[in-house]
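> Feature table excerpt (Swiss-Prot):
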type	residues	note
BINDING	16, 31, 33	Zn(2+) binding site
ACT_SITE	27	active site, proton acceptor
ACT_SITE	71	active site, charge relay system
ACT_SITE	110	active site, charge relay system
């Protein structure tokens, strides 16, 4: 068998503010991002299908989470009252892992140059 990691990227638009930053910090003001989320799946490649998971299945599994995030104010979503990249990555993990057991990492990028990766506890 061959253990492999695959990934699928998603983008969504959302607004947020960080309530616990020092007064005057730019992230304390309402602002938005074009977020990028990468879901990584690690497992054995099925010898019959030649894949770990169908990309369409992964997309369908992420859709309910995507719809909760896209064009929303993240601070209003339960669990995202302090929506840092770190908190958002773990929150996405908690939504997706129950339906995609082979999920091995969630990457969240707020900008082209900044983000984080959550790999579970």
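For all residues, glycine too, the Cβ spot is worked out from N, Cα and C.
Each of these features: where is it, how hidden is it, and who are its neighbours?
Counting only residues at least six positions away in the same chain, the Cβ atoms of 30, 31, 32, 33, 73, 74, 75, 80, 83 sit under 8 Å from the Cβ of residue 16 (Zn(2+) binding site).
Residue 27 (active site, proton acceptor) counts 14 other C-beta atoms within 10 Å of its own C-beta, drawing on all protein chains shown.
According to DSSP, residue 71 (active site, charge relay system) sits in a coil region rather than a helix or strand.
A sphere of 10 angstroms centred on the C-beta of residue 110 (active site, charge relay system) encloses 21 other C-beta atoms.
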> Ranked by the number of other Cβ atoms within 10 Å of their own Cβ, which of the recorded positions 31, 33, 71 ranks first?
33
